[in-house]
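Enquirer: Sharing the record's features from TrEMBL:
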| type | residues | note |
| --- | --- | --- |
| ACT_SITE | A:188 | active site, nucleophile |
| BINDING | A:147, A:177, A:188, A:274, A:395 | substrate binding site |
């Protein structure tokens with residue numbers, strides 16, 4: 001049975017994905033189309049170098065949005081003047097076929113840097129892509145945005161905010177990609193979130209910012225940061241709910257839902273880290289400041305030495321401690337506690353825990369590391385993945 | 001023929017290294033002894049968590065120094081109260097045998113975190129260690145401070161500052177260790193530099209700070225920062241030269257020599273990066289500020305993706321660009337130039353260079369990456385190494 005998955009879950013969204021020839025056989029262009037105009041809010045890379053696709057989208061975000069084009073296999077960045085021209089040509093054609101203005105469409109790209117986007121292939125593919133789009137196309141789109149991802153990443157989420165129709169509720173849907181070049185402050189990652197909510201722009205902005213800050217901005221695969229990162233949330237209002245404004249109960253519910261969607265996708269990205277087979281969740285508690293908590297959690301989750309020790313199931317908590325200390329947060333090492341899974345391994349001094357028990361914790365699909373700093377009341381969670389020889393192999397070789 | 005190598009090169013220094021049982025067979029304790037009192041200046045880790053050995057040394061640095069004890073195989077950190085007691089016991093014994101006060105000796109440790117230093121083994125070993133020390137013991141000491149290092153790192157350097165005796169000159173010598181947990185702002189690295197120069201303390205401090213800033217602080221193996229990093233320079237004044245003061249020609253010559261010694265040892269550490277077989281030198285030129293230049297150079301040299309691409313001899317300059325951009329320095333990507341070896345690969349747009357030529361550049365023992373930002377007149381050089389599957393393997397397994 002065909003299902004409305006991912007970005008197609010909320011009312012009024014269609015999606016699709018096909019191969020147009022950027023890659024040999026795998027799907028490489030995707031589309032998301034809304035029946036009606038959406039308000040769009042986004043967060044994007046802080047990298048000084050930005051892809052043309054991202055620059056295009058940032059320019060249009062303030063306008064009503066009808067559709068998003070996404071390609072994988074090519075990052076569309078650093079191509080000189082020609083790179084921008086190609087981008088404009090493709091987006092003109094895309095908006096023409098959609099019968100809308102070029103101001104109402106967004107673009108996102110992911111893949112290798114340094115090759116020109118194959119303009120003609122993409123333009124030729126656009127018609128079939130748009131024909132293929134349907135409310136059951138969530139899977140195809142989620143597949144078409146993958147690069148080294150091992151699996152597509154989608155989520156469907158129903159809030160309990162009442163929609164206009166009886167027994168219906170405001171919904172959210174999302175898809176994401178990302179596996180390498182994943183680092184705090186976004187990554188070579190793209191995430192597309194749709195909702196049928198009626199919501200004020202400022203409320204959507206605030207909810208998205210908070211959700212991204214506690215999800216995509218807290219994952220790290222390799223401390224490398226991409227030129228293309230982009231998280232966009234499209235709200236088309238088709239649920240017909242009472243408009244969601246800031247500082248209301250519905251806003252809290254919506255924000256919570258959006259955070260859930262973002263965290264789910266972010267964790268999937270970390271879990272899918274190139275060559276990785278384990279998700280590492282780092283919880284930092286009772287830190288002096290939120291900044292300390294976030295920086296320490298991310299530093300540990302991103303430490304090559306911690307990540308390699310997890311691969312080897314070696315409970316080397318010294319690396320966790322050294323990593324925490326390197327951030328120069330405010331805490332007293334003698335008061336610090338470190339847990340691996342449920343086990344306290346450092347409590348101001350080394351604790352005696354049988355190594356086989358800890359090895360078992362480190363072999364779990366989801367490894368939990370907790371650091372309690374006892375210097376305040378702030379906390380943060382970051383996600384990363386283990387480092388394997390496979391990671392190096394993947395990144396030594398050309399795609 | 002026996003030679004005065006490394007730290008034994010300047011007048012009046014002896015050294016030695018033996019196995020005392022921290023490791024199974026390899027040498028694990030080393031000593032440097034000066035005939036006469038030295039002034040000592042040092043730079044050390046900014047990690048919040050510091051080893052007891054480092055804490056001991058920081059306390060004593062202001063005093064006249066006669067000897068340094070160094071152990072490998074155990075980091076002597078995070079052992080609670082007992083860790084500090086063990087440290088004091090060992091250093092008391094060390095100074096007793098040397099017939100000096102405990103205030104006149106330094107201590108440095110490197111190795112695994114989280115095990116208590118084997119007090120009795122070290123104390124028992126001290127006598128043989130001190131007996132073994134001679135002016136030909138530089139090699140033994142350089143070996144005894146190694147952990148995962150593949151080779152000992154030593155240097156001898158003669159300045160043209162005239163010593164008291166005819167035809168003699170002020171000399172510098174040094175040894176270092178480091179291979180993993182190597183990151184900007186020092187690393188699991190130790191470096192010991194000796195000189196027979198007569199020099200003002202403030203002049204020595206200034207020269208060392210500058211030298212460390214442009215050598216050890218510009219290397220990165222894995223972005224992980226240790227709790228034990230320590231660079232110390234001991235000056236015993238036995239050359240009898242005219243005292244070196246700041247803002248003099250001799251000071252410039254001495255500083256230059258010290259920078260040479262530090263850069264030589266720093267590059268050796270980067271070259272010796274765990275699992276690595278290539279040194280990567282990253283030069284950033286015409287940056288807007290020195291801070292920009294340094295941060296961008298270090299970011300590129302530390303990028304897992306750049307490092308893995310070097311291993312695969314894949315001229316993926318896109319990773320270099322993305323890495324440069326991620327630092328958020330002030331530059332215009334369209335004005336940027338990127339060179340691999342002598343070849344311009346990006347000049348605002350991708351340049352056509354035959355891939356086999358670039359593969360050859362990336363297979364060299366010393367790979368040169370140059371980024372010209374055209375936004376100012378500041379520059380910096382950083383050193384790193386390639387990332388191999390072997391790195392992961394080494395760090396998965398227990399020592």
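Cβ atoms are placed via backbone N, Cα and C, with glycine included.
Curation plays no part in TrEMBL annotations; they are all automatic predictions.
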Enquirer: Please name the residue among the binding-site residues A:147, A:395 whose C-beta has the most neighbouring C-beta atoms within 10 angstroms.
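Expert: Most Cβ neighbours within 10 Å: A:395.
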Enquirer: Among the binding-site residues A:177, A:274, A:395, which ones place their CB within a distance below 8 Å of a chain B CB?
Expert: A:395
Enquirer: Hey, what's the Cβ neighbour count for residue A:274 (substrate binding site) at 10 Å?
Expert: 27
Enquirer: Work out the three-state DSSP category of residue A:177 (substrate binding site).
Expert: strand
Enquirer: Residue A:177 (substrate binding site) has how many other Cβ neighbours within 10 Å of its own Cβ?
Expert: 28
Enquirer: DSSP secondary structure for residue A:147 (substrate binding site), reduced to helix/strand/coil, please.
Expert: coil
